[in-house]
């Protein structure tokens, strides 16, 4: 297990020393050159960025957004145009370098300026290498522009977002192109019934993993709840697919089930873990609680008290700063207070644990 994560961490370390605590378990990828906004934060070029400085690879949101933050409130600084983001001087043709810290089957990569699609690269539904590059023609634009790079995942409704500020040919900055509408282009807009508020971070100051994602504009990870006419990505549902008939209010703690209508605050169990509904919806295949954090958050289990030093890491245990655990024969010390959750194992979440 440890070997599996060694290469991504070494690769990221070559980019910036400040990323020593980055690369959570389901961390994913970002544009490193020309440096994206999250790369500038991770490198310390731009200060006071918040948790994104520790996990520049975690800007994950539903497909179809035009947002630098992927709709994640903890990364909202990336959308702040008042920050005077440094712009890299480039020519009309630019090569964008990606770092991928976890493999995902890829449908495509897209590059935008404003609402205009500059280029699309086919991912072929396969896992890309840990580093790759695309050369994009920026056309006849001059001056300062903001390029949005999007990595669309093939087998989930999610994508990863990076914004790169460039100064084309060093010319004077033109009138800004404006912020693109967040409505996904070319996709059916689901009926809006509720807006998720983002995913839960392990503390108020840092989102330790890339598992927290869906906010944004597409159901179920956006501004709309699931309906019979829209899939989780906001695209039209397959022929014959319809939302199951509501079955009423589930009893607290019941197992999650397709076809059940859930209200905000309803609690279910799935694969032995308890979850609480973040927004009202009817369960649909593919929207299992651990897969759709915009709909479900892990319910905080009852604190088990202070673990004895050197205890094995365990789901449901409340850890305080400085607590020590073992996992897979290796000792770790807690970097911040949190409750153990599936996917937050110590070697996977350096934002929460440091190896000792």
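Heads up, the Cβ atoms here are built off N, Cα and C, so glycines get one too.
Automated prediction, rather than curation, is the source of TrEMBL annotations.
Values in this document were obtained by computation on a predicted structure and should not be read as measured data.
Now, the feature entries from TrEMBL:
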type	residues	note
COMPBIAS	174-253	compositional bias 'Low complexity'
DOMAIN	253-299	domain 'Chitin-binding type-3'
DOMAIN	310-356	domain 'Chitin-binding type-3'
REGION	174-258	region 'Disordered'
SIGNAL	1-22	signal peptide
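For the domain 'Chitin-binding type-3' (253-299), the mean pLDDT of the prediction comes to 79.
Sorting the domain 'Chitin-binding type-3' (310-356) by DSSP state (H, G, I as helix; E, B as strand; all else coil) yields 3 helix, 18 strand, 26 coil. Here the domain 'Chitin-binding type-3' (253-299) has, by DSSP, the following mix of helix, strand and coil residues: 3 helix, 18 strand, 26 coil.
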